[in-house]
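What Swiss-Prot says about this one:
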DOMAIN    124-330  domain 'ATP-grasp'
BINDING   154-209  ATP binding site
BINDING   D284, E297  Mg(2+) 1 binding site
BINDING   E297, N299  Mg(2+) 2 binding site
Amino acid sequence: MSKINLLLLCGGGSAEHDISLMSANYFETSLAKSEQFSVLRVELDKFGQYRTAAGDDCELTNSREIRFRDESKTPWPVDYVIPCIHGYPGETGDIQSYFNLIQLPYFGCESEASSNCFNKITAKMWFSALGIPNTPYIFLNQFDDAAIEQTQTALAQWGSIFVKAASQGSSVGCYKVDDSAKVAGVLKDAFGYAPYVIVEKTIKARELEVAVYEYNGEVVATVPGEIICDTNTFYTFDEKYAKNSKARTDVVAQHVSAEISEQIRAYAIKAFKGMKLRHLSRIDFFLTADNEILLNEINTFPGSTPISMFPKMLQNHGHDFTEYLSLVINGQLTAKS
């Protein structure tokens, strides 16, 4: 039986480029445990150039093959691609549109679902339309005096706010604001990351995460895990990935009642199905001291670094990551044929 030529595409043009490379390491190791796949790892650099792990310049062509700049090398036909790219152009839905155009099967959420979830404003509109509670917010479309005034009003009303670039991940372009004197500077910084900015009420709550994925044709939601940070901070980019991070993760959140856990899982599945997600996601919630559940955000290609929650929660649920990938890939290719 011939092997499946699988392109593992990683990197990308966002601030999460290096995190994508770390996630690709996990995918590469997991795929190597199966004899079904012939894997070619290709990095998409920040300038849009493709390069193999061996350092060969190349490109993905419309005929679904990797063609090398060195013409003495034989083009490599691609059967399937895993776009292990956090942020642009992976989680934004851009590269999925290209795969659709050239009819190349790929792992993960489709273009529209990726785009809807990546834009925090669009996502919150979807959450509300689906009847899933989420944090109070306003959104801004330009940096001007009116935006500063609106944000000042929100801060006065809510006491503490988060200002977030609408289209970034891993807490990039995200700022906690308690002092009105800092509003203008923070807004300017946030607009430097994205053309739209969302301002949310700060919620004093536990941060719970659920891995939601498709397994043997069923949508699975794990029990919630938890991100535990210093009480005076939030889960910043540095807290997530720094070697000296004080944050810790619990694969199973402690002291969460069965009733609350089931409600969180129900909301997670409702969001997954309602927003037409596919294959995998990590869905993040807040749980307040009064047991109020608020959907925070959806990650359509969750990290798979050594500290990432998605693969840990999947395995804790009793599923092997390599087997999971094999089921998804083979199921998709069989359906296509």
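Glycine is treated like the rest: Cβ placed from N, Cα and C.
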*Would you count the other C-beta atoms found within 10 angstroms of the C-beta of E297 (Mg(2+) 1 binding site) for me?*
19
*DSSP three-state call for K182 (ATP binding site): helix, strand or coil?*
helix
*Counting other Cβ atoms within 10 Å, pick out the least crowded of the binding-site residues D189, D284.*
D189
_Separation of alpha carbons, E297 (Mg(2+) 1 binding site) and D189 (ATP binding site) (Å)_ = 21
_Cα proximity to D284 (Mg(2+) 1 binding site), best match among binding-site residues Q168, K182, I203, N299_ = N299
*How big is the gap, in Å, between the Cα of N299 (Mg(2+) 2 binding site) and that of I161 (ATP binding site), rounded to a whole number?*
22
*Distance, Y175 (ATP binding site) to E297 (Mg(2+) 1 binding site) (CA atoms, angstrom)*: 16
